[in-house]
């Protein structure tokens, strides 16, 4: 069965979702429609040439109301209200605008044909929050509006699951050192978050994140045990989670790393990776994993204080998981 999806919002995530589907060569998911308020010609150009991920791996052509990436024309519309979108024949609406992030707003896609909605962000009131590889098996046919969580929650959750299952996490605090994103300005300007009002490429910028707390939505056994902050840094892509936690029992660096390696080579293969090399952030650009654990950064103090580091391409890894989750939802239709 091939899942027919429509993408609402053709920005960083929307474009990368389409690219991930094409680049992977997968045939279990097909993009049949795109809705974005930008000009079709501009969207096609931004798809063809990407400053972070390079040129699109296939020929991109476009017309007045279509874009073709070598799999046939994809219908393109420019409609503001999701409830008015022509989604007849669409199995899954991928909500990628970053605007319709409550269940009530996202559910508007269901009014005109879409059978399910997958939101590319945390979504208040969603029927379920999914981190693929961690809890996608909990999906049911009754989950109409699903959140794909955030890129940071997708990085942290697989690591947290493995380590909690292996040694137990009593409590912990995460810092994500996160590349700047599209909601940050190139020069100082107005922003409701005064930290994010500052020029993205000129400073390290402390700000908030709900990613650690959101792990509790994915792994209920960790609810209330994790918190965190974000520091935005002057790089355009790739981020890293620095997690310090109190283990439930004494452990060692070797045990922590062995648990991660076993999961990465086993049940979480393709979602969780690991590296033993002296890598830096640019080495993980365009890496499709949700999380790449850095083995030589693991530290254990007095048996129970554990510190780990895990990298993630905050655009590409997340976009690949959007496709994975959409297919998992589609199998329940």
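Going from the start of the chain as shown, residues are counted 1 onward.
Glycine is treated like the rest: Cβ placed from N, Cα and C.
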Please pick, from 138, 181, 251, the residue that Swiss-Prot records in the D-glyceraldehyde 3-phosphate site together with 150, 151, 152, 196, 209, 210, 232. 181
Would you mind pulling the DSSP three-state label for residue 232 (D-glyceraldehyde 3-phosphate binding site)? strand
Checking the binding-site residues 12, 36, 196, 232, which are within 10 Å of residue 151 (active site, nucleophile) at the Cα level? none
Are there residues of the same chain, six or more positions away from residue 120 (NAD(+) binding site), whose CB falls under 8 angstroms from its CB, and which are they? 9, 13, 14, 17, 94, 95, 96, 98, 148, 318, 322
Rounded to the nearest angstrom, how far is the Cα of residue 178 (site 'Activates thiol group during catalysis') from the Cα of residue 36 (NAD(+) binding site)? 27
What does the structure give for the C-alpha distance between residue 178 (site 'Activates thiol group during catalysis') and residue 196 (D-glyceraldehyde 3-phosphate binding site)? Integer Å is fine. 13
Among the recorded positions listed here, 178, 196, 232, whose Cβ has the fewest other Cβ atoms inside 10 Å? 196
Site with most surrounding Cβ atoms, counting all protein chains shown within 10 Å, from the binding-site residues 12, 80: 12
